[in-house]
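Chemist: Just lifted these from Swiss-Prot, have a look:
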- K90: SUMO2 cross-link (CROSSLNK)
- T170: phosphothreonine (MOD_RES)
- K233: N6-acetyllysine (MOD_RES)
- K296: SUMO2 cross-link (CROSSLNK)
- K364: SUMO2 cross-link (CROSSLNK)
- Y441: phosphotyrosine (MOD_RES)
- S444: phosphoserine (MOD_RES)
- Y452: phosphotyrosine (MOD_RES)
- 458-708: region 'Disordered' (REGION)
- 497-507: compositional bias 'Low complexity' (COMPBIAS)
- 512-546: compositional bias 'Basic and acidic residues' (COMPBIAS)
- K542: N6-acetyllysine (MOD_RES)
- 547-615: DNA-binding region (DNA_BIND)
- 577-624: compositional bias 'Basic and acidic residues' (COMPBIAS)
- 643-659: compositional bias 'Low complexity' (COMPBIAS)
- S657: phosphoserine (MOD_RES)
- S659: phosphoserine (MOD_RES)
- S667: phosphoserine (MOD_RES)
- S668: phosphoserine (MOD_RES)
- S672: phosphoserine (MOD_RES)
- S688: phosphoserine (MOD_RES)
Amino acid sequence: MAETLEFNDIFQEVKGSMNDGRLRLSRQGIIFKNSKTGKVDNIQAGELTEGIWRRVALGHGLKLLTKNGHVYKYDGFRESEFEKLSDFFKTHYRLELMEKDLCVKGWNWGTVKFGGQLLSFDIGDQPVFEIPLSNVSQCTTGKNEVTLEFHQNDDAEVSLMEVRFYVPPTQEDGVDPVEAFAQNVLSKADVIQATGDAICIFRELQCLTPRGRYDIRIYPTFLHLHGKTFDYKIPYTTVLRLFLLPHKDQRQMFFVISLDPPIKQGQTRYHFLILLFSKDEDISLTLNMNEEEVEKRFEGRLTKNMSGSLYEMVSRVMKALVNRKITVPGNFQGHSGAQCITCSYKASSGLLYPLERGFIYVHKPPVHIRFDEISFVNFARGTTTTRSFDFEIETKQGTQYTFSSIEREEYGKLFDFVNAKKLNIKNRGLKEGINPGYDDYADSDEDQHDAYLERMKEEGKIREENANDSSDDSGEETDESFNPGEEEEDVAEEFDSNASASSSSNEGDSDREEKKREQLKRAKMAKDRKSRRKSSEAKKGKDPNAPKRPMSAYMLWLNASREKIKSDHPGISITDLSKKAGEIWKGMSKEKKEEWDRKAEDARREYEKAMKEYEGGRGDSSKRDKSKKKKKVKAKMEKKSTPSRGSSSKSSSRQLSDSFKSKEFVSSDESSSGENKSKKKRRRSEDSEEELASTPPSSEDSASGSDE
């Protein structure tokens, strides 16, 4: 038989709201920890008197009764877990776990039974419903009616406001059944009645929330705040935690009382009661009890006469009456030596206190965040002009808290504190405009594998390559229309005609030099474009026969473990699967990772070997291709070098232009159409006719003409 039993996702009903938590059964007793509030129920094994198993709305439930009349109910068990629990109760608690069914007839008449702190409405021997009397806030009576009103839970979507019972009259003389019913309820109900004298009174205390000065009257079961406008009665059972926090100026102290449910002022709810004290203010306090009562009730924690600082007296009395520890700041010390950090939350500035088990911010609005609620924290820069940073906290429920305007000098201390508490740090990247000097705020999760991020990087690379390829393609279209050989011919044709009478030889020489320089410049630009085009074609023309790159150790492990993760988490999405795999990989030990590192190393060696073989084979084929290309180019050059028929002036100009032709132009693609060639022939014939018309007659012709 196991020494302990643990159950997750167990629910406890708290004033109409179902709070999940974790239940642990051991030989010493039963412990339930509320996941939302962190409150712990500890039931000693010797206090248990009865255990009941029954069907409820959330599966099956466990009802436990103790010797002092307390009742604990936990729901969310499966039917198959009954035998395991029954054997555990018999072995360790010597109790029989009884099965009991609820009545579902739907009748509205029956018998009311009071047992411990429960009111049970029964039909026959079966209970219909039960009301915890500690949830009753008010009990009023009528002629034949009793009305119960309840404390409200702000977290409950639907709340039960009141229940009204009709109590029929009886024939017994001297007994009022309505009054008897009401007295049974009031004896166990959490109804605040300021009867008797207060144990002590603190006058005119400064309260930050709710704002004002209040007289605090301490009663045995509740705290009474009496102000000029409002009165609050706070039962000690609603106090969750107590905090005593030193102000940054070292002259004041905060005393914070965490409440659940909160006190209300109109539509405003106050989850925290914050008192502000001066360290220099002292008080002498006398309790309104005799010494024997003080000793018996508080067991040495308080004495009848006490004196000291006002904040010490208030905190000491509250600790004794509420019976809860006072939380103080831990070992954290900021840059200025204080145990807190000055920052802003929402629209107000305040103080953030790093505690041993959480963070608390005071005072407007006060915020308390436990470490077990935190999903991750983040350090981020606010703007470029301020020397400050933001500290962000996101809870597991998705709520985000941003504490801004923290001095840069506090960064190191806060970062070390967060690391020491082993909180997850997720840096979302520094905001735009950050100086290079702020690299201190780099992400601490560099080693964490993010499959989604890697996939996005790969897609970005592919898009960038496609963009480059498309730009190169557009460049090729413009390059094809640029044929340097043809342009040179056009330039040469401008000088085909013999010098006209109006042009000088010097001007012609200078024009030729300028044209030559321009042609050289164009040739160089074309060569650069062609080289860029070739490199882009090499990128595009990826050989499908080339060896594939080896996978990393993580990817090898992921491919082998993907099906197992899917089976362990049925219905998981692809994104969540990658995220889950990254978490599992990060949590793996070095010994387990070494196996996949070896496989990755073997794959890398095989890739390098295959790459060498592939490069060797590709080198031979490329050499053959190059020799073929050289032969083709040589043949074209020989073909072009043969002198064309025509006038001597035209051939000389053609030779001049050919002297500036590069190898690239000689081997350019033969894209000139026959139509362009015919146009040029017609243009050359017209030029020759113009030359004949414009040439002056020779001396011999003129002489013969004169003779005629």
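Residue numbers in this text run from 1 along the chain shown.
The backbone N, Cα and C atoms fix where each Cβ goes, glycine too.
Could you place these features in context, so I can see how deep they sit and what lies close by?
Modeler: Around K90 (SUMO2 cross-link), a 10 Å sphere centred on its CB holds 13 further CB atoms from the protein chains shown. K90 (SUMO2 cross-link) falls within a helix when secondary structure is assigned with DSSP.
If you draw a 10 Å sphere around the CB of T170 (phosphothreonine), it holds 10 other CB atoms from the protein chains shown.
Neighbour count (other Cβ atoms within 10 Å of the Cβ, all protein chains): 16 for K233 (N6-acetyllysine).
Annotation for K296 (SUMO2 cross-link): no spatial neighbours, criterion Cβ-Cβ under 8 Å with sequence separation of six or more.
Just so you know, the Cβ of K364 (SUMO2 cross-link) picks up 15 other Cβ atoms within 10 Å once every protein chain is counted. Under DSSP, K364 (SUMO2 cross-link) is assigned to coil, being neither helix nor strand in the three-state scheme.
The average pLDDT computed for the DNA-binding region (547-615) is 85.
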Chemist: Reported as an integer number of Å, what is the Cα distance between K90 (SUMO2 cross-link) and K233 (N6-acetyllysine)?
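Modeler: With distance taken Cα to Cα, K233 (N6-acetyllysine) is 44 Å from K90 (SUMO2 cross-link).
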Chemist: Provide the three-state secondary structure of K233 (N6-acetyllysine) computed with DSSP.
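Modeler: Note: K233 (N6-acetyllysine) is in a strand by DSSP.
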Chemist: Quick check on the compositional bias 'Basic and acidic residues' (577-624): DSSP residue counts for helix, strand, coil, in that order please.
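Modeler: Secondary-structure breakdown of the compositional bias 'Basic and acidic residues' (577-624): 46 helix, 0 strand, 2 coil.
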Chemist: Whole-number answer please: how many Å between the C-alpha atoms of T170 (phosphothreonine) and K364 (SUMO2 cross-link)?
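Modeler: Distance between the two Cα atoms comes out at 57 Å.
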Chemist: Quick check: in three-state DSSP terms, what is T170 (phosphothreonine)?
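Modeler: T170 (phosphothreonine) sits in coil per DSSP, no helix or strand.
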